[in-house]
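Here is the structure we will look at.
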Amino acid sequence: MALERTLSIIKPDAVAKNVIGQIYSRFENAGLKIVAARMAHLSRADAEKFYAVHAERPFFKDLVDFMISGPVMIQVLEGEDAILKNRDLMGATDPKKAEKGTIRADFADSIDANAVHGSDAPETARAEVAFFFPEMNVYSR
């Protein structure tokens, strides 16, 4: 097992439902530590830059519009196998296909308004964490 960091975003739909604390409890109960966190209302430019990997996909505009529709909670999670652990906690992208008890099964409404984002690999985790948090603002504990 490896100590890893991963980026997690609680998306506008879940923030609006006031379930940030419930989602944080799931992270902590799974052994993940929140080592950086901030609330933000993303600008269109930031959302487009963050999701640039999807720029040519048909859903890109809708994704960006959704991500700027309200505040998000952005956090860095740290722990053993944090990337996989967080992905397991999130569940399938489509909440209808997500296993019962996952964040998306419990809090998401649709494949678009799916409550959370999480890094999918070590390389993307490093880039995504750096996008939102300078190293000096991440505190291992």
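Glycine is treated like the rest: Cβ placed from N, Cα and C.
What Swiss-Prot records for this protein:
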type     : residues                       : note
BINDING  : K11, F59, R87, T93, R104, N114 : ATP binding site
ACT_SITE : H117                           : active site, pros-phosphohistidine intermediate
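In this structure the alpha carbons, written CA, of F59 (ATP binding site) and H117 (active site, pros-phosphohistidine intermediate) are 15 Å apart. Sequence-distant neighbours of K11 (ATP binding site) (same chain, 6+ apart, CB under 8 A from its CB) are F66, M67, V72, A113, N114, A115, V116, H117. In the three-state DSSP classification, R87 (ATP binding site) falls within a helix. Each of the recorded positions R87, R104, H117 was scored by other CB atoms within 10 A of its CB, and the lowest score goes to R87. Residue annotation for ATP gives K11, F59, R87, T93, R104, N114. The furthest Cα pair among them is separated by 21 Å. N114 (ATP binding site) falls outside any helix or strand according to DSSP and counts as coil.
Per-site Cβ counts within 10 Å over the binding-site residues T93, N114 peak at N114.
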